[in-house]
Structure formats: structure tokens, C-alpha cells
Amino acid sequence: MTEQTLSSTLSARDLEAIEARKREQRKVLISSIFRYIILFAVGLIMLYPLIWLVGASFKTNAEIFSGAGFWPRSPTLSGYVEGWKTSTPYTFGRFFLNTFLILIPKLIGTAISATAVAYGFARFEFPGKKILFASLIAILLLPNVVTRIPQYLLFREFGWLDSFLPLWVPSAFAGDAFFVFMLVQFLRAIPRDMEEAARVDGANSWQTLIFIVVPLLTPALISVCLFQFMWSMNDFLGPLIYISSVDKYPVSLALKLSIDTTEAFDWNKILAMSVLTIAPALIVFFMAQKYFIEGISAGGVKG
Amino acid sequence: MGGENRFMGLAYLSPYIIGLLLFTAVPFVASFVLSFTDYSLMSAPHFVGLKNYIKLFTGDRTFNKSLSVTLIYVFSTVPLKLAFALFIAVILNYKLKFINFFRTAFYVPSILGGSIAIAVLWRYLFQSGGGHEGLVNMALMAAGFEPVNWFGDPTNALFTITLLRLWQFGSAMVIFLAALQSVDNSLYEAAAIDGAGKWRTFFFITLPLITPVIFFNLIMQTVQAFQEFNGPYIITKGGPLKATYLLPLYIYDEAFKHFKMGYASAIAWVMFAIIMVLTLIAFWSSRHWVYYAGDKRS
């Protein structure tokens, strides 16, 4: 924009231009105000239920239904204390432990297998590459529903039912095609100079992968791990199908169990435990927002 | 890479290839074969020909109901979600103060996504009747409206699930936003010089340029919507009167509650066929409406 300079002698045309400029500015202002109104309204709808949830977890049962306000009148920790105990012989601590026992091997398996496979796709030519890459896209589009029943029968044959193996193993075989796809996209955007230099210096492809590619890939790998963390934390159907003993339940199943076993009266317990189960995801999200947004824009995430 | 064995790439892909065969390709074929059998896990599956499919289409009222509910759900949720995500992305694409705060805030519900905690929360937010009104009804009453029977009424129950998924428009929004930001500014300047107004600019420049991303979001959201399980399973348990008994719930019940593996596979395959047909229509039609400038996205 050019600066408007006011001289003492203004022609009619200048005045008109100033008027037009003012009108333009007013239009921009009105449109900004309009945008803010929409953003605040939508923001309220987006966040208020979550904020309310946190407040309600400190309320008594009676108060939860007495008003839409956030602040508890007489804050109590009883929802947390009682909810943590659960109606099972185990506390929520056990269910959190199980959740992380499912999550950690899954994350490690995903990170290693997706990196290796993406490296193979992005840096090598080999017979069948096109078809294999097409299969990756096909898996992205294939609804899980179709393969779920035979997978269940397969894991049953293996004797893996009621263990964490059905949840771990497919991830270790690069089963989450989306992550491979994301890393391939990312690798394609990285120049190969450093890798070629390493090769000239006598490094084999393994060494190149570990010492050159992985460090370059770190931001993308963080995105992958974050998404896998979120999705695994949120996964419900997987554990529902494969895990049958309560002592192996992750938090998602434990929460479901708590709404089945307690009737309308114990809602503050359930809400308190809901807060706890979404807390890890929220904390991780706020610590690493930029990786999420970058990860999504890089590959276009489902979810 | 020079000098390397041409099968080196395949070596790196070996986990993927094993996984592809073991966990996707073989189960994919097996599921199709199973759909022509009766299999209750107790004895070996036995071949029944088209019996499962004939029963689905002629004698199964639950299936009819479940299928129509699923189609209503998908065809209402997906367009609403995409339109809303695009609308918000356009607003967020302006330079305003605190814009990053809003971008983050709008994405938070999507991150919590399909978590059971959020489904539970939804159940309480929309609670009604019995002297216990949830947050939404309290807000309605405060504004002078009658409380709504969200889950008890079959027409409202499905809509409540739709609202939950609309609330999670964040990922679609971020993808739209990334696309909007990559639109070349000179095109807008040229349009402004030509005297095009806001709406014309949006419909004749912005929209055509982001059609690849609209297409991508459309496909992904559709495939995802067909698989909706957590919401209705936790919030409405498929009811009332099967008003939210989406196909994945039916498949789950048949397979893992009643152990009718063959019949459940047949339902899964009907659903898959519908998704396939819709995807193919989308791909076929995309030639007429998706505009690829250069070769940016595949």
C-alpha cells in the first residue's frame, strides 16, 4: 500500500480518492468484525464442551445437571477418587498401564517399519515398485471392515486372542499405510546430495539410512509418532475385538465398562475418568502442535 | 542409487510386503470367500453359495434399516462437514490477530477424534428427560426453547451422531487451509484488477484451484463415515428403534456377538461394494471437475 500524503492543497479528485480509501477501510473493518464473530462463535462451540467437561469433573453428581456453568460450586475430588477405583478389582492405573503397553511397542514398530519401507520406496528402483506403491494407496482407501473378520480368524489361529499381539504386529509390518505414504512424500522433498556424498565415502545403504536419512526425517517421524499415539489412544474397536480379560483392558474399554456398570448416578466419576483419558492426548497435542499441522498438510490426514 | 543390487529396495520393503500379504491381501480374499459360507467358529465353514446375499436382500429387515440409516448418515455428514470445513478454512485464511489460536482451537476436537471419552461426553451433553437435562438442552431452555429429546426420538438420534462428527471438522479444515494458502497470490491480484468481486473470485479462482483437495477430502471422509462405529456404539447403542444402527454395528454384532462370520462377511462385502462404486463414480467424475494445475498432488 502506498502512503497517503496530505498536502495543504487537495483537489476534488484527491478528496474523492480519500473517501474511497475510507470506504474500503470501513469495509475491511466490517468484514474483520464479521469474521471474528464467526470465529468466536465456532470457537465457543469447539471448546466449551471440553472446558465444561473439566469443570464438571470437579462437581458433585447433583450439580452436573443443575446448570451449564463451568465453575463447580463446591469443588470435590470425589469423582476422581471414586472413578479411579472403578467397579473392577483394578484401578484406572492398571488400565493406563495397559494402554501404554499397547502403545509403546506399536509406536516403535511403526516408526522403524514405516521408515525402512518409505526409504525403499523413495530411494530405490526395483521390479514391481509401481504396483507396490499403488497397493499402498489402495490400502489407504480400503475400509478396515472388509479385512477385519479374516484378520480375527487369523489371530485366533495364531493363538493371539486376548493378547496385545494383534494390536502390535500389523503396525510392525508397516500396516498403517498412511504413515508410509506420509514419509515417502516427505523424503521426496529432501534432496539426495548428502546421501550421495555418504555413499561416495563408502557408506552402505543401511548406514546412509541411519546416519543421514533418519536425522533428516526426524520432524516427519515425530508427526508419524504423534498421530499413531493419538489414534492408538483413541482406538476402541481393536481392543474391543481382541481383548477379553478386564486386566488387559486399555482405558478406552475401561471407560466403556464404567458407563455400562454405573447407571445415571455416577456421572461425575465417568466424567472425571474421561478427563484423565483425554489428558495425555491433549498434553501431547499442545506440546507439539506444529508437527500435527505440518503432518496433516504434508499428506492429508484422515480423522 | 548406483551400484546397488536392484533388489535392495525390495529388501527395505520386505516388512511391508509380508504385512500386505498376511494382513491385507489374504484377508481381503478370505473375506470374500467367507461371505459365501456359514461359519460359526464351532465347525469348519461350509459353502452355502449366494444364500447370505439372498437373505440380505430379501429377508433381512435389520439389514434394510441399517443400510438406509448408513446411507442417510454418510450423505448428510460428509457434505455438511466438507462445506463447514471449507467455510471456516476460508475465514481462517485471512490475516487476523489470534488466527493461530483459532486454527489450533478448531483442531482440538479432531485430535480427540473417535475417543470413547468424547463419545461419553456427547452422551451427557445431549442427555434429556427424567429431570436430567444435558448441557445442550440447558442452553436451549435458557434461550427460551423447548428441550429436545435427542436420543429418545429416532429422527434426532442419528442427527446427534452427525453433530459429533461435524464437531470434528478440523482435519478436513487444515487440509483445505493448506490448499488455500498455496493458491498463487498473483491470481487474486489479476482478478482484482479485472474487477472481480469476492464471490466471483472465490467461485471462479479459489474453488477450481482447490478441487484436488476437495476430491481428496471427499473420498477420505466418505470412506471414514461408512466405518463410523464408536459414536453410535457408545452414545445410542444403535437405538432407538435401530435409528443409529449403522452397518459397522450390525457387522460387529453378527461377527463378534453371534459369531456368524460368513453372514457378517457378506454384509461387509455389500458395504465395501457400495463404497467401491461411490469411489469409482467419484474418480470417474473427477475428470470433469477436478482441476490439476501442473502436477502438484497425485
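Each Cβ is built from the backbone N, Cα and C atoms, and glycine gets one as well.
Heads up, TrEMBL stuff is auto-annotated, nobody curated it.
Over in TrEMBL, the protein carries these features:
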DOMAIN    B:67-282  domain 'ABC transmembrane type-1'
TRANSMEM  B:12-36  transmembrane segment
TRANSMEM  B:71-92  transmembrane segment
TRANSMEM  B:104-125  transmembrane segment
TRANSMEM  B:157-180  transmembrane segment
TRANSMEM  B:201-220  transmembrane segment
TRANSMEM  B:263-284  transmembrane segment
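Here the listed stretches are B:71-92, B:104-125, B:157-180, B:201-220, B:263-284, and the one with the most C-beta pairs under 8 angstroms to the transmembrane segment (B:12-36) is B:263-284. Between the transmembrane segment (B:157-180) and the stretches B:71-92, B:104-125, B:201-220, B:263-284, Cβ pairs under 8 Å are most numerous for B:71-92. Here the listed stretches are B:71-92, B:104-125, B:263-284, and the one with the most C-beta pairs under 8 angstroms to the transmembrane segment (B:201-220) is B:71-92. Listed by sequence, the residues of this chain that lie at least six past the ends of the transmembrane segment (B:263-284) yet keep a Cβ under 8 A from its Cβ atoms are 31-32, 34-36, 38, 52-53, 55-56, 63, 67, 70-71, 215, 218-219, 222-223, 226, 247-248, 250-251, 254-255.
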